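Noted in TrEMBL for the protein shown:
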type	residues	note
DOMAIN	5-313	domain 'Cobalamin-independent methionine synthase MetE N-terminal'
BINDING	ARG16, GLU17, TRP18, LYS19, LYS113, ASN118, ARG519, CYS520, TRP565, GLU609	5-methyltetrahydropteroyltri-L-glutamate binding site
DOMAIN	430-752	domain 'Cobalamin-independent methionine synthase MetE C-terminal/archaeal'
BINDING	ILE435, GLY436, SER437, GLU488, ASP603	L-homocysteine binding site
BINDING	HIS645, CYS647, GLU669, CYS730	Zn(2+) 1 binding site
ACT_SITE	HIS698	active site, proton donor
Amino acid sequence: MAKSGVLGYPRIGENREWKKALEDHWAGKLDEQELDLQLTGIRLQHLRKIKESGADFIPVGDFSYYDHVLDTAVMFGIVPKRFASYQGGAVSRAIYYGMARGTKDATACEMTKWFNTNYHYIVPELEGAEPQLTENKPLLAYREAKAELGIEGRPVLLGPLTFLKLSKGYAEQGLDAWLDRLLPLYAQIVQELEREGVQWVQLDEPILVTKTDEADVQRLHKICAALTAAAPGLKLLLQTYFESAEAYSALIELPVHGIGLDFVHGLEGNLAAVREYGFPADKVLGAGVIDGRGIWKAALLDKKALLDELSAFVQPEQLIAQTSCSLLHVPVSLQKETGLAPELHAALAFADEKLAELALLTRALGGDGETDAELAAYDEAVQALNRSASRSRQDIRTAAAAIAAQEPQRNKPFAERNAIQRAKWQLPLFPTTTIGSFPQSAEVRKARQLWRRGEWNAEQYNGFIREQIDRWVQIQEEIGIDVLVHGEFERTDMVEFFGEKLAGFVFTKNGWVQSYGSRCVKPPIIYGDVAFEGPMTVEETRYAQSLTQRPVKGMLTGPITIMNWSFVREDISREQIAYQLAYALRQEVEALEAAGIGMIQVDEPAVREGLPLKASKQANYLEWAVRAFRLATCTVRDETQIHTHMCYCEFHDMIDSIDAMDADVISIETSRSHGELIGSFEVNTYGKGIGLGVYDIHSPRVPELNEMTGMIDRALAALAPELFWINPDCGLKTRGYQETVASLQRMVEAAHLAREKYKQVLV
Ligand code: GLN
Ligand code: ZN
């Protein structure tokens, strides 16, 4: 009888109780004990569900108070020196959350994408750290699950190679020295686990799906050897996910008891490797067949066929049917989704439904086909949806194909457009602007609720939005910002807002997933062909422009970001979906321009996260992503200035693609990576308008003037002053009123100082 395994489960709870508890704690409304109590309740509820689903391998230790990478750093006492109160030993909650979010005295640690997902982890800073084992977190989790629920859990441990490679603060040659320092700590963890009676440990090494060279293989040998020597009675499952494992033939030689592979997102590569090299008889194969990232029901007959093929290489009792990765990336449960069309609802599976799916599949394995009818019935739901009219609108297919066939190009090259735009806009040196959103105050959220509940009519709500725009246009003018925005008060979320106005999207009531820390997002579902149905942003933008002489930037979310932050259909390619979106957005860009808006920002913060993990697949993705952006923006007049914005990621390895997007101005988040991005402009010159964020907006802290002038000076050492803009790192919607105004005042002051300082250089 084959076994089943789950690699991890969402943390946020059925109703985002987790988020609420964290935020109440930060607001001082929930003390540490209360927080512990509430989070323990949530954690145990999750474990109970997994247990009840019948899964054989239940993850423990994957739960977090913020982020699992931060947990690992803190478990090893790796705390940056700027958190001066840390004296070694257990890390206090205050420092833990300080590292995540910043404090009055110390900036937060950098945050970045977890591989190619929309989950963000806190980047460990190794420099100057003295690693020690401050607590054995997986052990505590194992004990708890056993004592409270009688669960024999499989502790999840972020492996040392991935942990180190995702960290910063060491030179390349320092990696091995760091490995030597961490390995004894890992050894101690597994030793204590073994002593406690733990049978299996899930050692997550997702880094193994990215480039794995000979040195890495040596490191893995060292890691596995050290851990098995420390705990010979413990079984290690070396777990990979998100793509096919590199160096497969070397991995299967490692001294571990099991290898976990992703047969959803790495299907092609992993299956080819198994076919070519086989699988060792002495190891367990964790076969990730249930998608931990998508929301559609699995085609179980296909999954069963796949597992049947794999079982030819493995002893039946050595095969574990698993989720492809942690279920962290999908919403918790479909239970509350009462508003969806039945044919759509029937085709979906969130985390809890995936648990059931895994159980059904496992039950079918090894049987003599008596469950095949059940599997076929299960599979019928997605097939029925595929046949539905919403999935193939011929008008859209034809139009999108027609525009995709033309080369998307602005009328004139940048240099010529730039001269025309300069003459038209007459902006000062280093124009100041913001990224789009202003604080979504309690008042704004309240108004939206009243309107959504029907207690306000559209007129009342629109009136309220107008008042907000009035107020913030005035504030921006008073502060002295050069290019204004309307503030995005009518939007909860930059993707949801557009999805609600375009055809082809559907929204869940409760389909939240964690994005970073307590921040959750509710990705829309692109289930059908995408179509423009009428102007989406024109009214508010035009209204804002009517209030001021200064230019107001129109504000749109780009095709790739909308796609990457949605759950998408799987019956057509992502490229096709992107072009449908681009075609729809082009119509909005044109509508804004026709309404007299002369600067239009098309945000693409998520371009980078869609980048395939395999180098061999990246160029193709970037090519069609850039093409989609250009399709959306290329039809405007020369004097119309196209802006774009990017954040959350490291962009230094895709500057060429950013350039190819051909936006007139780009603003990029910079300060969370402490200016590292700037360095890349020293080697790759960038010849279009650019604003490198001069302060971090993820923290309520008001930056000092010299921090901003420092960022500006560094940037101007690499970039042309006449193309340089001054702006914050990202939108300000999560910030409060006072810190926003104070920070922007300082930013404008920094711009004035810079103008004084650099004007001589320029003449
Ligand atoms: N225009 C958006 C805002 O300011 C951009 C947000 C983002 O980049 N994530 O909120
Ligand atoms: Zn941003």
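Here the Cβ of each residue, glycine as well, is placed from N, Cα and C on the backbone.
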Binding-site residues close to ligand 1 - of LYS113, ASP603, GLU669, only those whose C-beta is under 6 Å away: ASP603
DSSP three-state assignment (helix, strand or coil) for TRP18 (5-methyltetrahydropteroyltri-L-glutamate binding site): helix
Pairwise CA distance, CYS730 (Zn(2+) 1 binding site) versus GLY436 (L-homocysteine binding site), rounded so that it is a whole Å: 8
In sequence order, those recorded positions of ARG519, TRP565, ASP603, CYS647, HIS698 whose CB lies under 6 Å from ligand 2: CYS647
Non-site residues, in chain order, whose CB comes within 8 A of the mean position of the CB atoms of ILE435, GLY436, SER437, GLU488, ASP603 at L-homocysteine: THR434, VAL485, MET494, MET555, GLN601, HIS645, CYS730, GLY731, LYS733
Candidate with sparsest Cβ neighbourhood (10 Å radius) among ARG16, LYS113, ARG519, HIS645, the listed binding-site residues: ARG519
Among the L-homocysteine-binding set ILE435, GLY436, SER437, GLU488, ASP603, as the record gives it, the longest Cα-Cα distance in Å: 13
Candidates LYS113, ARG519, GLU669, namely the binding-site residues, that fall within 10 Å of ASP603 (L-homocysteine binding site) by Cα distance: none
Cα-Cα distance, maximum over ARG16, GLU17, TRP18, LYS19, LYS113, ASN118, ARG519, CYS520, TRP565, GLU609, record's 5-methyltetrahydropteroyltri-L-glutamate binders, Å: 27
Spatial separation of GLY436 (L-homocysteine binding site) from LYS113 (5-methyltetrahydropteroyltri-L-glutamate binding site) - C-alpha basis, Å: 22
Between HIS698 (active site, proton donor) and ARG16 (5-methyltetrahydropteroyltri-L-glutamate binding site): CA-CA distance (Å): 21
GLY436 (L-homocysteine binding site): tally of other CB atoms within 10 A of its CB: 25
Among SER437, GLU488, ARG519, which are recorded as binding-site residues, the nearest neighbour of HIS645 (Zn(2+) 1 binding site) by Cα: SER437
Confidence summary for the domain 'Cobalamin-independent methionine synthase MetE N-terminal' (5-313), mean pLDDT rounded: 97
Of ILE435, CYS647, CYS730 (the binding-site residues), the residue whose Cβ has the fewest other Cβ atoms within 10 Å: CYS647
GLU669 (Zn(2+) 1 binding site) and ILE435 (L-homocysteine binding site), distance between Cα atoms, whole Å: 10
Sequence-distant neighbours of SER437 (L-homocysteine binding site) in its chain (C-beta under 8 A, six or more apart): VAL485, GLY487, GLU488, ARG491, MET494, GLY731, LEU732, LYS733
